[in-house]
């Protein structure tokens, strides 16, 4: 089948125009020779919209070709137009072109829609529908323009409203003297012709504003009545923000068709005159298609496409503000071709496809016609199938030729295309003239044509010198139309070429000739000349060219002809200027032309008054010239050149580079270097390389520019000189061997058809080599190999011209598998608490099943790897006093083997880690309580703790160190007899039998019973303040580390309007306020300030209540009634004991005995006579005030809660008194509860009991 008759190349949009031009003749539709039968083809027709001048004849073109030559007829407005009946209408002979004489007729009578029909016995072709309309230039309607009077500064519009012409007229404004009115950004003409003033000025006053309309077809000009404008200055308009005169409002719409030019217009008024700018919302304006007109008031975008749709914003700005208007642009499209139907030439029984692909917006409708008749109205044809935009013709027969029309239309237009289907059986014929000679320059592309025709379409083959078959491979390309292209023509490509066209009906050949010529080159260029006035200047221009081409030498001065002056003498290779004058300075260029190419070079002439003595300037050398290749052999060539100017620095060396157009086009590589005194080099070459050479010169300044490249020199192919490098064999999985190598480069291949012979055999086992030939790869996988055995490997290169040298043998190993067994006889030697050493017996090499990488130990959470073939290793970083379970695995490249039996070992004790925490709680006036936690890592059996502490004074000096030890179960201690308001530093460490571990430290102040308040202090200078009260005084303490030296304590009676009392604190951290009234509440704060700094730093106010003092009580221990009462109670107890004793002897038990049995454990009953604490301190007692403690929040003291009653302190003797009658436990119970806030138990055991609990 020959569907290629309708095959279309799909070009990427924006593809280079040069390539399109070069190949256009290769992609055009197949032309049928006119001596063969064929349906009509329209070759010329008038445009779809034809506007005629009524002063001239109407000429409607319609030309067509076909065999036999077609006859023509016309329709007008859809019905047959009988040309012969109208004497004014003439159809040209042999053509369908109509000539209508309207000189004495009304031209309107011939307006309408015409269509040309071309017909012969093989089909009917139709032209486009051609709309014929008469051009019109109507007169302006009569009107009287009122004179316009406006105040200075206001905006103004002068309307033109020209008559509607066909085509529309061109509008411009002039005065009575036919002078165009000046336009600027203030005064501008809109697209509709109206004249807009953004603001008027007095100079705008005139009486001859005249709008003119020029009608292009008739070349007539119509004039509107003049408009008079007077600008008054009596009440001028002031400055104002911009406002839009055109278009109105904030938004408008615009529709444009694809391919047309989009014109958007914004005209604004305002004072000062606004500036207009444009932008597209959400995108950029197409810079290559956008243009601005009318002082940026008009934006034009040419060749509109779908991407130009969107919102465009024009912005008007002056110094008083900005305003914008948005124009929504929509892009529609009349139908346009994606793929136009092509003529089909089919042989009998072939199948073809007609494709009519169009696009548009909205989507076009496609209608098919056959010989001008809708396809649905034609007789049904079983060989024809219509699928929307495609017609498929199957198994066509002779006599079924026809012309198909595709009509694509939407509301914006239509497209019509004719494509004939011609069924022919025709032997091949070559249309290219025979024995044509093609001449090209070396390294240029050559195109040898072989245009042919036949049905079926002939197959084209090419031969060189009548015997060498040309394949579609480098450097040859055979195009679809038969043209042979040689990318880079070389002299060896010269010769006779034969193209043969073949189909099943015959064969036809044609001969053409290619001559590849040497390029024209200027060997010695003219040089820059500085010549004294009156002397002679000589420019040399020596040229080398192909001897078969006739050269022409031309000299130019400043790109123009030489002056017609006998002082200028032109010889074969030079230009001489005698008696130089100042006018002779300039640039002189020699141009050597041949019929195929040219070369040129220029030099400048400077004319001076006297010969200057220039300073020596050192520059890099000029590039070498005149590169020539001689003594050419298969593997070497001699290169000669002419050195360029040294530029005052001797040439040190020449570098010769080569380029390989076959393997690495565009890349230049250093080949060799020669000394600066040489001008020749013997170059050693490789086979199968398209060499070009160039030379660079080097002096002490640097390298010159490269020379022009030499002519191309191609070396013949040969067998490879070397084999691939980097040959190795590595197994990637059990049972395989991957043989890899570094492939040869194109330069190393030495010829086409490069392949590799891969050979392998098992070392010391197999005698015969296994082999495999591969190409275009760099590895080969051998399967079914034993596990990890050595192989001998070699890789040999060969090409179409032979094999490379004998390759060297490399050793590789097949794939590994996991080890089979585990190490045995594991022994562990423990060196210390953190280091051990392990020994084992290595496994046998066959069990490794791969390359031994080492051994891996796994003990608890620690994994260690020992590289290499070893039998021992150290285990660092162990945890002291721990039990470890150790196992060992074997490692190879595949992975780990099975685990050995576990070996258990223990590490000895070590020193413990630091205690987990150290906290200071319950700070008192002279005591601090410490609590701590055991170490996270005991590293042995914990034997106790060591505590050191020492005071720190205000100058950070350390006092004497106190030392204490504790048992392992003791984690708290209360330190007493400390200094008040003193900072202490504590050091705590744990210990085992191995010694003490690291210490942790903590610091704390001693204070009195306090309530902590967090004040708000500026600049972060403050810390919490503490208070302690007695009967008539209060101690205020704080921490402050600011730079202020003056610290004051201020206080005032609560709810008093008196002034604050202030006492200087003397730079300390505590102060005692004396003389306070018992039972009174005071507001207290601490402030810090300095005379040089006005900022006052202050704590929050805190309420301090001084307790009410009960009346002095007599010591009841000295009262007689008390003594008598005590004696009575003792006697009663004695009687009860006697009774209990009697009852016990009788075998009975009393509740008193049970209670005594329940309280025999001193830790369960914490009441002791010597511990100074009380045990069962219930919640009901928490609210009762103790002597020296803070009163309840209401600030009152109830008389029935005085300290002279034992009932206030619980049952029996749970409380104790000192000799002076004060209560010893007054702080312990409450303070412990405050400290352990949230503890569900109300019991607060003393520090002594806490220590006893660890014993």
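A Cβ is built for glycine as well, from the same backbone N, Cα and C atoms used for every other residue.
According to TrEMBL, the features are:
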COMPBIAS  1151-1171  compositional bias 'Basic and acidic residues'
COMPBIAS  1229-1239  compositional bias 'Basic and acidic residues'
DOMAIN    40-127  domain 'Ig-like'
DOMAIN    138-228  domain 'Ig-like'
DOMAIN    242-330  domain 'Ig-like'
DOMAIN    335-422  domain 'Ig-like'
DOMAIN    428-515  domain 'Ig-like'
DOMAIN    519-606  domain 'Ig-like'
DOMAIN    623-718  domain 'Fibronectin type-III'
DOMAIN    720-817  domain 'Fibronectin type-III'
DOMAIN    822-910  domain 'Fibronectin type-III'
DOMAIN    914-1010  domain 'Fibronectin type-III'
DOMAIN    1020-1108  domain 'Fibronectin type-III'
REGION    704-728  region 'Disordered'
REGION    894-913  region 'Disordered'
REGION    1151-1255  region 'Disordered'
TRANSMEM  1121-1142  transmembrane segment
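The DSSP breakdown of the domain 'Fibronectin type-III' (720-817), given as helix, strand and coil counts, is 4 helix, 47 strand, 47 coil. Per-stretch counts of Cβ pairs under 8 Å to the domain 'Ig-like' (428-515) identify 623-718 as the leading one among 138-228, 242-330, 623-718, 822-910. If you look at the domain 'Ig-like' (519-606) against the domain 'Ig-like' (335-422), you find fewer than three C-beta pairs under 8 angstroms, all six or more positions apart, and that falls short of contact. Here the region 'Disordered' (704-728) has long-range neighbours at 442-443, 488, 490, 492, 518-519, 521, 620-625, 627-629, 632, 634-635, 637, 639, 641, 644, 657, 659, 661, 668, 685-698, 739-744, 748-752, 754, 756, 778, 793-805, 807-808, 810, 812, meaning same-chain residues at least 6 beyond its ends whose C-beta is under 8 angstroms from one of its own. Beyond its flanks by at least six residues, the region 'Disordered' (894-913) meets 734, 815-824, 826-828, 830, 832-834, 836, 838, 840, 843, 847-850, 856, 858, 878-888, 935-942, 990-998 of its own chain at Cβ-Cβ distances under 8 Å. The predicted model assigns the domain 'Ig-like' (335-422) a mean pLDDT of 92. The residues of the region 'Disordered' (894-913), classed with DSSP into helix (H, G, I), strand (E, B) and coil, number 0 helix, 5 strand, 15 coil. Remark: secondary structure over the domain 'Fibronectin type-III' (623-718) totals 0 helix, 50 strand, 46 coil, with classes taken from DSSP. Applying DSSP to the domain 'Ig-like' (428-515) sorts its residues as follows: 3 helix, 49 strand, 36 coil.
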